[in-house]
Amino acid sequence: MMPPVRGTLTEGRPLADLTWLRVGGPADWLFQPADEEDLAGFLAAHDPAVPVFPMGVGSNLIVRDGGLRAVVIRLGRGFNGIRVEGERVIAGAAALDAHVARRAAEAGRDLTFLRTIPGTIGGAVRMNAGCYGSYVADHLIEVRAITREGRAVTLPAADLGLAYRQSRLPEGWVLVEAAFRADAGDPAALARRMDEQIARRDSSQPTRDRSAGSTFRNPAGFSSTGRADDTHELKAWKLIDEAGMRGARRGGAQMSEMHSNFLINTGGATAADLEGLGEEVIKRVFQSSGIELQWEIMRVGEEPVNKQ
């Protein structure tokens, strides 16, 4: 029995069309809360034995073909506001990273590193996303979240344990807002920088294909702040190339010919195709270099019960 809500609660909702890779089975339930009060009330009344899984726009996610035995919580309107208050940029967890970068730039504040990061602010904080030498950890002041028990809490960035592509946000907590500190900048200059970033991305990454962004973490040096050495020679794509896996295929899944650290759905791929190809890449890279790549794409859910 699910608690009453003012938002939308759907049983057996397929998730494939909510992910960038367009694969995956159904969630037991999909909850799209109307606002913070609706979200908090639902979590407070929800059976603690039933898992919850916060989901953004599915940009960094493989949902397995058997679906997800959980309540998937997907924030939308009511959670995507953006405002600038002096040096602070406050964004709802459902705000797109690109929109936050643009809104900040219009106000003369520099969060340009977010412009080419796919997904939402909630996911960017949870994964300590970064680009062009800047990371969420470098700018984050604090976050607001709803706990699994339905309590609203505010946490300083230092309490999140932000590191390279990870955080220690407790399982089941739902981020609702994040505040960033952003340096001042000329709006026109910031806009030009973002245009250059987009051009650079589009010339080197398969942005026209169905992908989930970078597939594996770079095995480069990094510190507890999340800063990575972007000039480090040890890049995941180089290791993949050296293992002969650029362009490798399994079913409808392929390691992109354009950028070999991008796993793409060429059409008709299953989650098993995509994850299986990724695991084969890990195996081949380890055989070639002795280095074990780590997934950057999150994989969740179960295999189909009738899997042979």
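The backbone N, Cα and C atoms fix where each Cβ goes, and this holds for glycine too.
What Swiss-Prot annotates here:
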- 22-185: domain 'FAD-binding PCMH-type' (DOMAIN)
- Arg165: active site (ACT_SITE)
- 197-211: compositional bias 'Basic and acidic residues' (COMPBIAS)
- 212-226: compositional bias 'Polar residues' (COMPBIAS)
- Ser214: active site, proton donor (ACT_SITE)
- Glu296: active site (ACT_SITE)
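Counting every protein chain shown, 21 other Cβ atoms lie within 10 Å of the Cβ of Glu296 (active site). For the compositional bias 'Basic and acidic residues' (197-211), the DSSP-based tally of helix, strand and coil residues reads 8 helix, 2 strand, 5 coil.
Of all Cβ atoms in the shown protein chains, 21 besides its own fall within 10 Å of the Cβ of Arg165 (active site).
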